[in-house]
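Going by TrEMBL, these are the annotated features:
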type	residues	note
TRANSMEM	21-39	transmembrane segment
TRANSMEM	82-106	transmembrane segment
TRANSMEM	121-140	transmembrane segment
TRANSMEM	160-181	transmembrane segment
TRANSMEM	201-221	transmembrane segment
Amino acid sequence: VISTTSCIGMWIPRSAMFTDFTAGIFFAIVIHKFLMMMIKECGGQKVLLRRFENGHFTISTGPCCCCCLCLPRVPITRKTLFWLKLSTFQFAVFRPVLVFLSIVLWTNDNYTLYNLSPKGPALWISCLVGALTLFALWAVGIMFRKVRILLKCKNIIPKFALYQFIVILNHLQITIINMLATQKIIPCAPPLSSTVRGSYIAHQLLIMEMFLITVISRVLYRRKYHDLEPPECVAEEPGDKKQTPKIILNGAVVEDGLPKGPKAALSPQAQQTAFPGRTQGDEEFTVASYVSCVTDYRADLPAECSGTPPKDK
């Protein structure tokens, strides 16, 4: 998207302000989506809260509070996650609103992009956009610092590095070039003025840079990654024993398909079901005799018999 808007701004120099606004709106949505992606990669909000139930967020991170190491750590709760998502969501909402306001003022000849005088609206709108951007980037940095080790298997560090490159190239680089063009450091080249030529150079750089970032992003995001294990799933130790399933067969407790204990007896109903020829006067049928009969029965079967035995057996 940024490469496309840069191409249009380079071909039509007078549309540079509108193409920059469009790229800014798209980037605001990307910031919010990146935060939601990190939460989703952890299994969703509920799984994230259960995984970091006793954890804390470190809020002394960039770009707002990287030097404030004395700030307390904030516990990870549903409320703190709400504030982090709100910090990025407000940027995705208010950035289009400020762009719309700028275009309305521009149509009335009250807004000039490079006029940064205190009496003009461009300075105050730019300061407000900068403050909203810092809060959104701060929320993403707080979340990344907490989940970077957990999501290392999903290449979250290279993805975050690409995200940071987009921030630097799409904002800081353009700002520096525009300041140089405003101060006439970038010379004019008729029929292009200094500001238009600076915008032309910025768009040329963005086309090449965003093409490389798009190729690398496709490699990272199109790869299939395994899902994380649930937080309650604990690996079984070698010494642990599995619990034997128990069922009740006609009043007798059965484990692994046999009555419990070598002297345990089958109920009369179970004996009549398993051995129809047995009468009431026969001796009690225990587990040992049951296993012996099954063993003898299998020994009498021919080797090629793989189905049900004959009725006379």
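For all residues, glycine too, the Cβ spot is worked out from N, Cα and C.
Note: TrEMBL annotation is automatic and uncurated.
For the transmembrane segment (160-181), the partner stretch with the most Cβ pairs below 8 Å, chosen from 21-39, 82-106, 121-140, 201-221, is 201-221. With a threshold of 8 Å between CB atoms, the same-chain residues lying at least 6 positions outside the transmembrane segment (82-106) that come near it are 17-18, 21, 24-25, 28-29, 31-32, 35-36, 39, 112, 121-122, 125, 128-129, 132-133, 135-136, 138-140, 142-143.
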